[in-house]
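Asker: There's a structure below that I have some questions on.
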Amino acid sequence: MANKVIKCKAAVAWEAGKPLSIEEIEVAPPKAHEVRIKIFATAVCHTDAYTLSGADPEGCFPVILGHEGAGIVESVGEGVTNLKAGDTVIPLYIPQCGECKFCLNPKTNLCQKIRVTQGKGLMPDGTSRFTCKGKTILHYMGTSTFSEYTVVADISVAKIDPSAPLDKVCLLGCGISTGYGAALNTAKVEPGSTCAVFGLGGVGLAAIMGCKAAGASRIIAVDINKDKFARAKEFGATECINPQDFSKPIQEVLVEKTDGGVDYSFECIGNVKVMRAALEACHKGWGVSVVVGVAGAGEEISTRPFQLVTGRTWKGTAFGGWKSVESVPKLVSEYMSKKINVDEFVTNTLSFDQINEAFELMHSGKSIRTVVKI
């Protein structure tokens, strides 16, 4: 099948705000420096829902969503030397070409080699590999994992341990790595520090896990859904706070509870008001707040400049700061050696035909991550 078009099932988003539709699509063979992957498992993330809602300024339709997947290489295009058919892989929405000025700078993981075309839903040559009912279907985040087969750039693939369970490690393609790395790489949480994590979805729980791994002595979990508190404590939170239980702003509550504020805070929701609260909950002189959640298009953050003048730092992170191609295999190895939790994030497993139910579960707040077996 290496040089042939493959017909397979995919969940197509024909337009914004409508449920996904399981369709038979055609997947063209990989061109030069591309890889065709058989996807075995994918998770559903808030970013997929954000794009499907129509709020994403880069959202284009019709499209095959999905960016937390894992599978096996089916075939490779001309010039691909780092991968071969049969390799176990995780597709990456942030590539690592190793050559652009971003890849060569140790301060960032934001490879820009294919950013322009990826943002338009196209492969690096400006075309798509997907068609359905005679129409071109766009790619998503360079990955499109809601399909039995997908085609990605060879710089957007991490080769991983072939014994890793794909229905678990697919989560390392986004959420877990993002939260975990926000604590370890972006904030660089230190032993004995006090941390606050706002938002206890998958990313927030992973941030708690990262704070614990870094040796934080106090980890305060903040959410308006108290049903999430027990799980937060399982991941390492030392205490949990519901802002709705207080008559004053949550940042004031945290400053009082922590003798002046936390050393590190993490906003894992994408709410600009919470981003402000997370910054203002930080300790004067050295507190660091990391924006992890993605806010809606056009939204802006605000605070009094005095908050920054007096020594607080506001930072942002994408994919937890991990340089993807080199880091994801290491994260999989850490999971295999039980250094990081992954299984505990999977609260539901569904069949491909039930993919719309996965979105419903996520919106209900009752699941952390739902894995869809393709």
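Residue numbering: from 1, along the chain as shown.
Glycine is treated like the rest: Cβ placed from N, Cα and C.
Worth saying up front: this structure is predicted, and the values here are computed from it rather than measured.
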Asker: Among His67, His139, find me the residue Swiss-Prot lists at the same Zn(2+) 1 site as Cys45, Cys174.
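Answerer: Of the residues offered, the record points to His67.
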Asker: Of His67, Arg115, Lys233, Lys315, which of the recorded positions has the most Cβ neighbours inside 10 Å?
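Answerer: In terms of Cβ crowding, the pick is His67.
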Asker: State which of the following binding-site residues has the fewest other Cβ atoms within 10 Å around its Cβ: Cys45, Cys100, Cys103, Cys111, Cys174.
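Answerer: Counting other Cβ atoms within 10 Å of each of the binding-site residues Cys45, Cys100, Cys103, Cys111, Cys174, the minimum falls on Cys100.
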Asker: Which one is it: of the modified residues Ser247, Ser324, which Cβ has the fewest other Cβ atoms within 10 Å in this structure?
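Answerer: Result for the modified residues Ser247, Ser324: minimum number of other Cβ atoms within 10 Å at Ser247.
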Asker: For Cys103 (Zn(2+) 2 binding site) and Cys45 (Zn(2+) 1 binding site), determine the Cα separation and express it in whole Å.
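Answerer: Rounded to a whole number, the Cα-Cα distance is 26 Å.
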Asker: If I take the alpha carbons of Cys100 (Zn(2+) 2 binding site) and Cys174 (Zn(2+) 1 binding site), what is the distance between them in whole Å?
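Answerer: Distance between the two Cα atoms comes out at 22 Å.
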